[in-house]
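Below you'll find the structure, written out as structure tokens, and then a few comments.
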Amino acid sequence: MIALLEGVSFWVWLGLGVLLLVLEVLGAGGYLLWIGLSAATVGVIKWVVPGMGWETQWLTFALLSLATAVGWWYAQRNRAGDASEGLNQRGRAYIGREFELWEPIRQGRGKIRVDDSFWSVSGEDLPKGTLVKVVGLEDLVLRVEAVRR
């Protein structure tokens, strides 16, 4: 077994790296990318330092794999928090935008047309066609104020 480990050349490391990267392309979701890059890196190091022992090769591979996997995990964790922040809160994207009233606001309630949908709005009573600015969101009702020009 030791003879097998000692016989690992830089070509084996580069081949392992390429194989893992190909498997990553087929859909591993980011896990094999870092291990494949670690194997390829060890292959390059082995090419530069041909006398590198098998213990050092495997230790370098393990440490690089661990470091890159942990780094990727931290990056994904921070990214996932940002991506889910606005999930199912489409109304927040409309805050600050201006729209024309589709229906007049009577007794504090009306409607605006936003792209291909209608949104309920609340605010002071205003006639149909008034330009309003979205200033807030309460549940699924946009709070609006008339635009003064």
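Cβ coordinates are placed from backbone N, Cα and C, and glycine is handled just like the others.
Marked as domain 'NfeD-like C-terminal' by TrEMBL: 93-145. Counting residue by residue with DSSP, the domain 'NfeD-like C-terminal' (93-145) contains 2 helix, 35 strand, 16 coil.
Here TrEMBL flags 12-37 (among others) as transmembrane segment.
Summarising the annotation, TrEMBL assigns transmembrane segment to 57-75 (among others).
Taking Cβ pairs closer than 8 Å, the transmembrane segment (57-75) reaches residues 5, 8, 13, 30-31, 33-35, 37-39, 41-42, 45-46 in its own chain, all 6 or more past its ends.
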